Amino acid sequence: MSKMNKTIDPAVNYLLPLAKKAGLETAWDRYEAMQPQCGFGELGICCRICWKGPCRIDPFGNGPQRGVCGADAHTIVARNLSRMIVAGAAAHSEHGRHVALTLLEVGEGHAPAYQIKDEQKLRDIAEKLNLSPAGKDIKQVAKEVALASLEDFSRQKHSIPCNWAKETMSAERVDKLAKLGVMPHNIDAVITEIMGRTHVGCDADAVNVLLGGLKGALADYTGMYLSTELSDVLFGTPEPVVTAANLGVLKKDAVNIAVHGHNPLLSEIICDVALKMNEEAKKAGAKEGINIVGICCTGNEVMMRRGIPLATNYLSQELAIITGAVDAMVVDVQCIMPAITSLAECFHTQVITTMRENKITGATHIEFHEDSAFDSAKKIVEVAIDAFKRRDNRKVNIPDYKQTAIAGFSAEAIMAALSKVNAKDPLKPLIDNIVNGNIQGIALFAGCNNPQVTQDNNFITIAKELAKNNVLMLATGCGAGAFAKNGLMTQEATEAYAGDSLKAVLTAIGKAAGFNGPLPLVLHMGSCVDNTRAVKVAVAVADNLGVDLDKLPVVASAPEAMAEKAVAIGTWAVALGLPTHIGIVPQIMGSSVVAEFLTEKAKDLLGGYFIVETDPEKAADQLFTAIKERRKGLGI
Ligand code: XCC
Ligand code: SF4
C-alpha cells in the first residue's frame, strides 16, 4: 500500500513511534495487516444473507452474475446498504429510546439522579408536538413529551408519520417524502420492516430496496432528533464554552477518567459524582484531584454542556491508553474499539463497561441503571482512584499537545448570538448575509475517522478551502473532534483562514454576542446525534425564506466516514435535500443502479444527492460548486 501519512494529529504522531517501540498494536497496524481488503466486500457485491451463500458477483463480468437464489449485483448491493442504514438507525434510536424512557421516569417522579434542567425547552418541545403545555405542571409536560416521543416507537398506523419527523421538517418535505412512501411512522417497525424485506427471497427490486433504505434513514433521523432534544431537557441546552482538545488535556497529577461512547445518561452523572470525590482522589495522591476527559461523542456531549476537555476522536482512542495516564476508560455504547481491553492489560488502565448490552471481554463491568445512577457512578470513580494508585509513572507519556476549542453551539446558542445583532428578528442577520453573499453557504461536517485516509486531514483540508470561499461551517461527531484537536474551533482560526466577508460576519456576530472577537471558524454543534441541531438551524432559515431545504446553499460532508450510523446520517441528509459528500468510497460501487440512484436520480426525486470524492481539494471544489448552484437557483 502507498506510504500515506497515518494522521495529522501531532499527539498521535508523537505517540505512534513510542507505541511501536513498546510493541503495542493500534488500529493502523491492524489496518495494514488487513491489506489487501476483500474486493467483493469493497464493492458491496458479497451476499451472506442466507446459508446458500456466501455468493459473490464477478465485477468483471466473466464469472457469476447472480447469487445462488438469482439475486443480481444490484439487489445485493441495495440490500447490504439498506441493512447498514437500519443498523445505524437502530443504534441511534436505542440511544433516543433510552433518553425518552428516562424523561418518562423523571416525569413520573422516579430516577432521582436526573432533573429537568431546561424547562423552557421542554415546554417549547411540547408546543411543537402539539401537546398544549400551557398551565400544566412541568412533570406532567415531561411525561406527555416522553409518551409522545415513545409513540414514535410504537404507532401502528402507517398513515400517521412520526411526530418528531413531521414536526421538524417543512410541510413540503413531509409531503414529498410521504408521496414517495418513505416517511417513517414508527422507528422500530421501520427497522423491522427493512430487516424483513431484505431477507432471502423478498424485495429484489434494487430501487425499491433503496426506498426502504431511505425510510430507514428517516427513522434514524427521528431517533436522533428526539435524542438530542430530550437530552437538552435533562442535561441543559449547550451554550458556548471555552475548553481544550487533544491528549495534552490529560494530567500527570490527577486521576484521569476518560468517558467514551455516546450516551450522556451515564457520563453526566459521573461528572456530578466525580466533582464530589476530588478529596478522595487527593488522598490517594492525585494533587489535582479528578480530571475527566472525553472521547468520541460522549466526549462531545460533556464538552458541549460542561466544558470538559476532549482527549481525542475515534481513530486515536487507543492512544489515550498508550499515554499510560488514563486511570479508567468508562465506556457506554458505540464506537468503542474492542482492542482497548487487551491494550489496557499493558498498563494500569481499567476499562469499565457499563451497559448490559455492550460488554467487552477483559473489561470490568459495572452496570448502570437510571434508578441507581449515583451508586454506579460512585463505584466507577472509586475504581478509577484505585487504579491511579497502581499507575506506573515510568510508562506515562502525555503528549504536550492541546488546542483551545470553543464548543457549545446548539441551535439555541446560535440564535441567541444572532439575537444580539437583531433582537426582533434573529435570523435576519444570517439570512441577509447569505443573500448578499458575505456568507456563500453553510457546510455541515459530520462523521468519523477511517484509517483509509490520513486521520483528520480531509476535514481540515476541506474546511480551510471552504473558509477561503466564505462558507460558514458547522461540525459534529468525530469531525468536530478533528477540528477541535487541530485548532479550527478558535477565534485565531477565523482570523487566519476565513475569507474577508466571512471574517467580517463572524466578527460582527462574535462582538455583538460578547465573544470579544470573531466566532470560531468552525462551530461545534455536538455529537453525532446532534446533527439534527444543524437541521434545526437550516429549516428555520428555509422556512424564513419560504423555501424547502433542497433550495438552500447548504451542504453536508462526512469526509472520513466509517460507521453504519454515518451511512444512515448521510442518507437522511440526502433525503432532506442536501448535497452530501463522502470522502470514502462507499461499498456500493458494484451496482451501477445503486450508484446512479444515490448520486444522480436522488437529485430529481429529493433534491439531495451523494457526492463521492476521495481527494479533499476536489471535494471542497465540488461542495462549493453545489453551493453556487443553489445560490443561482435562488437568484442570489
Ligand atoms: Fe463514532 Fe460518534 Fe463516527 Fe465518531 S463520528 S466514529 S459514529 S463517535 Ni458520529
Ligand atoms: Fe446467495 Fe441469494 Fe443467499 Fe444472498 S440470498 S447468499 S445471493 S443465495
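Don't overthink the numbers, they just go from 1 along the chain as shown.
Each Cβ is built from the backbone N, Cα and C atoms, and glycine gets one as well.
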Residue from C271, C346, C448 that TrEMBL also lists as binding [Ni-4Fe-4S] cluster with H262, C297, C335, C478, C528: C448
Candidate sharing the [4Fe-4S] cluster 2 site with C47, C50, C55 (per TrEMBL), from C38, C69: C69
Contacting binding-site residues, sequence order - C38, C55, H262, C478, C528 vs ligand 2, Cβ under 6 Å: C55
Other same-chain residues whose Cβ falls within 8 Å of the Cβ centroid of C47, C50, C55, C69, the recorded [4Fe-4S] cluster 2 site, in sequence order: R48, I49, K52, G53, P54, G67, V68, A71, I76, V200
Top Cα neighbour of C335 ([Ni-4Fe-4S] cluster binding site) in the set of binding-site residues C47, C50, C55, C69: C47
Densest Cβ neighbourhood among C55, C297, C335 (binding-site residues), 10 Å radius: C297
Nearest recorded site to C38 ([4Fe-4S] cluster 1 binding site) by CA-CA distance, among binding-site residues C47, C69, C448, C478: C47
Set of same-chain residues at least 6 away whose C-beta sits under 8 angstroms from C528 ([Ni-4Fe-4S] cluster binding site): H92, M224, H262, C297, A446, G447, T476, G477, K565, A566, I569
Spatially closest candidate among C46, C448, C478, the listed binding-site residues, to C55 ([4Fe-4S] cluster 2 binding site) (Cα to Cα): C46
